[in-house]
């Protein structure tokens with residue numbers, strides 16, 4: 001984050017990383033803002049500065065900490081109050097650009113963008129965001145329009161989201177719940193009959209909707225979004241992250257012939273054609289089943305009529321016998 005004053009970060013690496021994510025940045029701030037008042041104050045600065053200087057100089061004598069504190073405050077303490085606010089700390093550490101800035105101009109975000117956002121914070125595809133990831137998400141979300149957001153404000157949104165959506169009180173937000181926090185578009189596939197004949201034009205529309213980077217392959221968040229939309233269309237409810245990952249593995253085993261962890265256009269066409277052929281087979285089996293049922297009904301009806309005829313003939317014979325006797 002470059003400041004309006006054009007300052008460069010004090011260190012180019014911190015915790016071994018050239019850029020801290022918003023989640024990691026919030027963890028650093030909370031570590032040193034020990035009283036949770038939204039500032040790293042004078043009494044909290046020294047431990048932070050010691051770690052900061054270790055990152056830059058690989059060790060610093062304790063008698064130099066005071067000197068460097070004055071340098072840091074002079075350069076980065078914009079309001080000269082002798083403490084660091086969250087946006088001032090963002091100038092010192094090498095933080096990534098706000099990930100959500102790229103989406104803020106859209107009134108609705110596509111399912112691909114939604115999965116990009118989710119995957120950015122759910123780095124290990126665990127299927128949920130804990131409090132620390134939610135802090136990173138809401139920091140990014142709130143600072144899209146206001147760069148001066150306090151940690152307390154971030155915490156209010158985290159707690160509000162958990163109160164609204166965390167029904168089992170485990171301190172986590174799942175994928176389907178995140179969709180309620182963001183303005184995600186309606187399912188793009190809802191208007192297509194995937195399991196019937198797709199026209200070439202319809203197939204092209206689907207392809208270009210999910211191949212957002214136009215690299216000739218649907219992979220990563222694009223493939224996650226396609227799977228999510230397909231599953232939701234066929235099951236009337238969205239999948240969790242485990243289901244998406246499982247379905248992703250199945251699709252890649254089936255259709256990813258070149259092993260690039262993505263689906264090319266002809267591979268997607270093959271996947272859809274199999275889905276359609278299965279539907280045709282289901283229709284054929286269903287029709288054959290109904291035909292067999294009708295045939296069985298006719299045969300049962302014939303047997304019933306034959307039984308009635310046999311019963312009638314048997315009665316007449318017995319009567320004759322009796323009459324003969």
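Any Cβ shown, glycine's included, is placed from N, Cα and C.
Per TrEMBL, the features are:
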type: COMPBIAS; residues: 283-313; note: compositional bias 'Basic and acidic residues'
type: DOMAIN; residues: 20-55; note: domain 'EF-hand'
type: DOMAIN; residues: 64-99; note: domain 'EF-hand'
type: DOMAIN; residues: 153-188; note: domain 'EF-hand'
type: DOMAIN; residues: 198-233; note: domain 'EF-hand'
type: REGION; residues: 283-325; note: region 'Disordered'
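For the domain 'EF-hand' (198-233), the DSSP counts in helix, strand and coil order read 24 helix, 3 strand, 9 coil. On the 0 to 100 pLDDT scale, the domain 'EF-hand' (153-188) averages 88 in this prediction. DSSP labels the residues of the domain 'EF-hand' (20-55) in these numbers: 25 helix, 2 strand, 9 coil.
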